[in-house]
């Protein structure tokens, strides 16, 4: 049977690159909304968890396109800020760029000592096939610290201030191939890939 298209429900180019690299085996099947010429705004993330927000996006795109969908939601949780930024990471600080968001985080933490700067990236990935009534959710988490200043221009989002002790670098300083061995998104989508492998062998997609 012909392989079915799987839609990637994100407009974040950084996330698109990472997900396609992690799921490279399915690169011919996974299509972005732009590639499929669906000019749509994704729905407002009104959920109270990463899982809920990811599924809100997946369900919305599935209903419009009719295709199986992959979506995700992720965030940065900082202990010293009582778990912020969490599900509001992308909206933190309002409609400003990530340089400004990073500056706001560092300002909030200017008096926080190193031992209290623990943080983690969380990712929840969703595969949703509306026609087959299949919904799979996987997750990934990576622990680190909030650096005192941004370092590196690789990656995207909050990567330049997320210090990863194992490599003694921020995520903004490491190559994408290296990041894709350890990141929260890699962990979540590696688990999702195991499901896709079995699902495809079953002839579903």
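Note that Cβ sites are derived from N, Cα and C of the backbone, with glycine treated the same way.
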Hey, Swiss-Prot has substrate bound by 10, 11, 12, 13, 14, 15, 156, 157, 158, 159, 179, 184, 185. Any idea which of 74, 103 it lists too?
74
Which residues does residue 14 (substrate binding site) neighbour through Cβ under 8 Å, counting only same-chain ones at least six apart?
155, 156, 157
10 Å Cβ neighbour count around residue 10 (substrate binding site)?
20
How many other Cβ atoms are found within 10 Å of the Cβ atom of residue 157 (substrate binding site), counting all protein chains shown?
21
Most distant Cα pair in Å, residues 10, 11, 12, 13, 14, 15, 74, 156, 157, 158, 159, 179, 184, 185 binding substrate:
20
Around the Cβ of residue 159 (substrate binding site), the count of other Cβ atoms that are within 10 Å:
25
